[in-house]
Structure formats: C-alpha cells, structure tokens
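Enquirer: Grabbed the feature section from TrEMBL, which reads as follows:
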type	residues	note
TRANSMEM	A:6-33	transmembrane segment
DOMAIN	A:7-415	domain 'TRAP C4-dicarboxylate transport system permease DctM subunit'
TRANSMEM	A:54-75	transmembrane segment
TRANSMEM	A:95-123	transmembrane segment
TRANSMEM	A:135-161	transmembrane segment
TRANSMEM	A:167-191	transmembrane segment
TRANSMEM	A:212-234	transmembrane segment
TRANSMEM	A:240-256	transmembrane segment
TRANSMEM	A:268-292	transmembrane segment
TRANSMEM	A:304-326	transmembrane segment
TRANSMEM	A:333-352	transmembrane segment
TRANSMEM	A:396-420	transmembrane segment
C-alpha cells in the first residue's frame with residue numbers, strides 16, 4: 001500500500017514537469033509527514049550527509065576535466081586522426097564518425113556535446129562527399145552515446161554511488177563492452193555503406209596517421225591518466241578525477257591552446273553549474289532511497305519475484321524493459337539514481353554480479369539517449385541537421401536496432417563485462 | 001541583486017577551482033614526501049594534509065548547495081516535460097508555474113528544517129556564548145573529524161543555499177508570469193565550432 005502511494009505521488013509530481021530532484025524531495029516530505037513513524041530528523045540528516053562521500057566528489061572533477069576538453073579544436077583533432085585511420089574503407093567518413101565519437105565522448109563526458117561537436121564538423125564534409133544526410137545523422141546520433149560506456153563515465157560513478165560498487169571495477173568493466181559497441185556501430189556503418197556504394201576517402205600515409213595521432217594523443221592520454229592511475233593504485237578514483245581535471249586544464253590551455261586563461265573561469269562556472277545540479281538530484285535521491293529501504297520495498301520485490309518463480313533471465317528482461325521505458329521520459333542520471341536502489345538489491349539477491357548489473361544499466365541509458373520521445377542525442381542532432389525528430393528516428397533505426405541487440409548480448413553474457421576487471425584483480 | 005548574482009557565480013567558481021587544487025596538492029604531497037630528498041622530505045612529512053579530503057568534501061557541499069540555486073537561474077534543473085509540452089500554451093503555463101512554486105515550497109521547507117537543525121547543532125550555543133549569556137544545557141555541537149571546524153558552520157550550507165534556491169525559484173516564477181520566459185540551459189554547447197556550425201546549418 002505504502003509502496004503504491006510513494007510511487008503514485010512521485011509519478012504525479014514528475015509528470016507535472018517540475019524538476020525531478022524537486023519531485024523526489026516532495027515525495028519524501030509527503031511520506032514523512034503523513035504516513036510514517038520515521039523521525040523527521042533522521043531524514044533531515046540525509047540532507048547534510050547525503051553527499052558527504054569522497055567518491056561522489058569524482059563527479060564534479062570529471063565534469064571539469066570533460067569541459068576543458070569539450071571544444072571544437074579537440075573534436076577536430078579526433079576526427080582527423082579517425083579519418084586517417086579508417087577513412088579509406090567503405091563508408092569511411094561514417095566509420096571515422098564512430099571512432100571520433102568514441103574518443104571524443106569518452107574524454108568530454110557529454111553525449112550531446114559530442115553529437116554537436118563531431119556532427120557539425122563531419123556532417124557537412126559527408127554531405128559534400130555525397131553521403132545521404134540521413135546516413136550521417138544516424139551514425140553521429142548513436143555513436144555520440146558511446147561516451148557513457150567508455151570510461152571515465154559519470155553515469156557509472158552515479159551507479160557506484162547509489163549502490164556502493166567499486167568505481168574502478170565498473171570503469172574497467174566498461175572497456176570491452178564499450179569497444180564492442182563501437183565495433184558494432186562501425187560494422188553497421190560499414191555494411192550499409194558497402195551495400196549502397198557510399199564513397200571512400202583517399203588512403204592516408206603512415207606519416208599522416210602518425211602526425212594525426214600525435215595531435216590527438218594529448219586528449220586521449222586523459223583516459224590513460226584515469227584508468228592507469230586507478231588500476232595501479234596511484235590514485236583513488238576521486239583523486240584520479242581531480243588529476244584528470246588538472247591534466248585537462250594543462251592540455252587545453254598550454255598544449256592545444258584552444259582556450260586562454262580567461263576562458264577558465266567560464267569552464268569552472270559551467271562545470272560547477274552542472275555538478276551542482278547532479279549533486280542536488282543525488283541528495284534528494286539518497287533521501288528517497290532511504291525511504292525505500294526503510295519500507296523494505298526492494299526486499300518485498302525480490303520476495304515476490306522469488307515466490308512467483310521468476311529467475312535471473314526473466315528479471316533481467318523486466319529490468320531492460322522498465323529502464324527502456326523510463327528512458328522515454330527521464331535523463332540517465334535520474335534513472336540510475338531512482339532505479340538502482342530498487343533494482344540492485346534484487347539483482348544481488350538473485351546472484352547477478354553487481355558490476356555486470358551496472359554495465360547493463362549503463363548500456364540501457366545509452367540506448368535511451370538515442371530514441372524518441374526524449375532521447376537527448378536525437379534532439380541535439382535534430383538541431384544541427386535540421387531534420388525533424390520523425391525523420392531522424394527513421395535515420396537512426398539500423399544503428400538503434402543493433403544497439404538493442406547488443407543490449408541483449410550484454411545482459412545475458414556477464415563475461416563480456418566482468419572478465420577484464422576480474423582478470424586485472426579489481427573485483 | 002546584481003551583486004548577489006555576481007557573488008553567487010564567483011563563490012561557486014572559486015570553490016570548484018579551490019577543491020581541485022586542494023586534492024591536486026594533496027596527491028603531489030603524498031608522492032613527493034616519499035622521495036628521499038634531504039631536507040625537503042622532512043619538511044614535507046612534517047606537513048599534515050590528512051584534512052584535504054574533508055576540506056574538498058566541505059567545499060563541494062557548499063558548491064553544490066549554492067550551485068543548485070545558480071542552476072535555477074540558468075534553468076539546468078530539468079523535469080519530465082514531454083507531457084506538459086503537448087498541452088496548449090495556457091495550460092502548460094499553469095503547470096510550469098505550479099512546478100516553480102513547488103520548487104520554491106520544497107526549498108523553503110528544507111531551508112526551515114535546515115535552519116532548525118543548525119540552530120540545535122551548536123548555533124544556539126555559539127550565539128549565547130558570543131553574547132556572554134548563560135549556556136545552560138544547550139549542546140555545543142560537534143566538530144568535524146579532521147579540520148575540527150564546528151559542525152553547525154559547515155552544515156549551514158543547507159539553510160543558506162536552500163533559502164537562496166527558494167528565492168531563485170520565486171524570482172524565475174515572477175519573471176515567467178511577467179514575460180512568459182523561462183531560463184533554458186543548453187546541454188550541447190561546444191566552443192570553437194562557430195564556423196563549422198554555421199556551415200553545417202547551411203548544408
């Protein structure tokens with residue numbers, strides 16, 4: 001009964017369009033004042049202590065690092081490198097788009113920014129070479145989402161924070177699925193391009209490749225700083241995030257010189273703005289999940305599932321469907337913070353590996369960015385391509401379909417995610 | 001008002017930069033003090049930086065509370081607007097206003113709860129002490145573990161930030177009633193794209 005009321009109130013508040021953080025908070029307050037004996041002080045404490053964890057502080061640092069490197073200049077370097085490597089294959093510029101997105105989204109940490117940056121540089125070039133506009137739009141819209149699977153990923157930090165899973169293990173677990181998904185999207189691009197006879201670019205010499213690699217190296221090295229630092233134990237994840245922010249600052253201002261020292265203030269302010277928004281959702285989500293735990297809702301859910309004979313397969317299927325549906329209405333951060341505390345205890349009880357479950361959620365978020373009605377990548381791509389959402393939906397479907405197939409693969413093949421972190425001794 | 005806007009921006013920007021530098025220095029310190037350099041090593045080891053994590057957390061908590069208020073002004077707090085966006089303009093405006101006022105009420109309540117909490121967690125004690133009044137059995141409140149700062153000062157980020165946020169919600173609501181305009185945050189802004197974006201739009 002209480003469960004129905006809690007979720008009913010949350011749902012009603014949410015569909016009025018108020019910020020998700022506010023609807024979470026108001027749900028908690030309503031519940032506290034009307035239907036429980038939980039002392040209000042113990043919940044009020046969560047307002048203060050909800051985000052007092054050093055792990056959470058990785059989020060502002062990663063955002064800062066990403067913002068330093070979110071510039072047209074960095075995107076251009078990644079694209080040039082990608083074109084020299086794969087441009088001579090069928091659908092060369094499309095393949096280069098996938099590769100450039102994978103690299104740029106990983107270091108900038110923002111899918112929509114990646115779609116805009118790579119899209120507005122690459123799409124005009126593709127059209128000039130004679131690609132149909134829909135093809136390019138489909139490639140860029142879906143590849144832009146790769147960033148949340150390839151570490152460093154803020155979405156994974158969110159999951160780690162909500163479930164007390166190791167950030168290092170999650171990051172490592174994202175590497176193979178991330179590359180596999182990039183290959184999948186690239187494969188679809190290649191196949192469609194070959195079938196339709198899309199143009200290739202001239203093959204680059206090794207000297208050009210080396211030059212382009214040296215240009216993009218400084219940006220890509222950020223991934224090494226983070227992953228190497230965490231893996232070797234030189235840094236904790238939060239320290240790695242802070243170091244990557246300093247590193248990104250040095251690269252952006254002194255190596256690439258894409259921004260001057262005067263731009264730093266603006267980058268700091270926009271990172272603070274974004275982090276504060278995410279931390280505000282976290283604070284309220286922590287209170288919300290405190291209520292859920294207190295009402296033993298995850299426990300009731302897993303008992304119900306077990307009593308009705310649902311196994312791992314059915315549960316994961318249901319998880320995917322629920323998350324894909326939620327992806328129709330909310331952005332990734334909120335989905336992870338609301339659903340992870342409910343679903344995670346059930347998953348653990350059913351014997352699903354915590355890190356594997358995290359990767360399933362993250363891949364789900366990735367798919368959610370690319371399909372209507374609210375996929376953020378779609379909207380952003382619609383802005384730069386001047387295509388309507390309906391036309392874009394048609395444009396993305398070959399890639400979206402392959403992403404869904406990939407989601408099934410990730411869901412039912414735990415080894416894909418957990419082999420690497422396990423082999424490296426991170427879990 | 002302009003002063004408040006500028007202070008808010010300056011405050012969260014400095015906290016962001018400050019926290020990054022604090023953690024950077026703490027890490028550098030940890031590795032430098034492991035190097036066997038005579039003199040330098042002794043001096044570095046004698047410096048205690050165990051408070052760095054705590055300071056970073058406190059700075060980010062303050063940044064989060066005041067940044068959330070700044071975020072109301074920049075329209076970064078998003079909700080599920082697919083449904084209300086399909087309504088006709090007049091009804092949509094009602095829902096938008098309802099959302100803004102709900103935000104103002106929630107942050108207002110949190111500010112009040114927070115203020116009460118801070119008052120009982122040592123602010124009352126500190127106030128009495130400052131005016132030299134009898135302390136009675138008013139609790140002194142604790143201090144933070146490493147920096148040993150009074151907890152009530154650290155925690156006052158909640159009532160202060162939340163009050164500011166409440167004020168911002170009301171400000172945005174008033175502005176919406178007057179002009180029908182809402183602040184909108186662009187998640188896809190990328191610098192250094194101007195020429196390409198323009199040619200992309202034309203293509």
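Each Cβ is built from the backbone N, Cα and C atoms, and glycine gets one as well.
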Enquirer: Given the transmembrane segment (A:167-191), which of the listed stretches A:95-123, A:135-161, A:212-234, A:268-292, A:304-326 has the most Cβ pairs that are under 8 Å apart from it?
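Expert: Against the transmembrane segment (A:167-191), the leading stretch is A:135-161.
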Enquirer: Quick one: find which recorded stretch in A:54-75, A:95-123, A:268-292, A:333-352 has the most Cβ pairs under 8 Å with the transmembrane segment (A:212-234).
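Expert: Counting Cβ pairs under 8 Å, the winner is A:95-123.
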Enquirer: Against which stretches of its own chain does the transmembrane segment (A:6-33) lie, if we need a Cβ under 8 Å and a gap of at least six residues from its ends?
Expert: 40, 43, 277, 280-281, 283-285, 287-288, 291-292, 295, 297, 329-330, 334, 338
Enquirer: Before we move on, state whether the transmembrane segment (A:268-292) and the transmembrane segment (A:333-352) share at least 3 Cβ pairs under 8 Å, counting only pairs 6 or more apart in sequence.
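Expert: When sequence-distant Cβ pairs are counted, the transmembrane segment (A:333-352) touches the transmembrane segment (A:268-292), since at least 3 lie under 8 Å.
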Enquirer: Counting only pairs at least 6 apart in sequence, do the transmembrane segment (A:240-256) and the transmembrane segment (A:396-420) share 3+ Cβ pairs under 8 Å?
Expert: no
Enquirer: In terms of Cβ proximity under 8 Å, which residues at least six beyond the ends of the transmembrane segment (A:95-123) contact it?
Expert: 62-63, 65-67, 69-72, 74-76, 78-79, 81-83, 85-87, 89, 133, 136-137, 139-141, 143-148, 150-154, 178-179, 182, 185-186, 189-190, 193, 201, 216, 219-220, 222-223, 248, 369, 376-377, 379-381, 383-385
Enquirer: Below 8 angstroms Cβ to Cβ, which residues of this chain, lying six or more residues outside the transmembrane segment (A:54-75), approach it?
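Expert: For the transmembrane segment (A:54-75), the far contacts come to 100, 104, 107-110, 113-114, 117-118, 121, 152, 154, 157-158, 160-161, 167, 219, 222, 236-238, 240-242, 244-245, 247-249, 251-253, 256, 258-259, 267-268, 270-272, 274-275, 278-279, 282.
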Enquirer: Over the domain 'TRAP C4-dicarboxylate transport system permease DctM subunit' (A:7-415), what is the model's average pLDDT?
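Expert: Mean pLDDT across the domain 'TRAP C4-dicarboxylate transport system permease DctM subunit' (A:7-415) comes out at 91.
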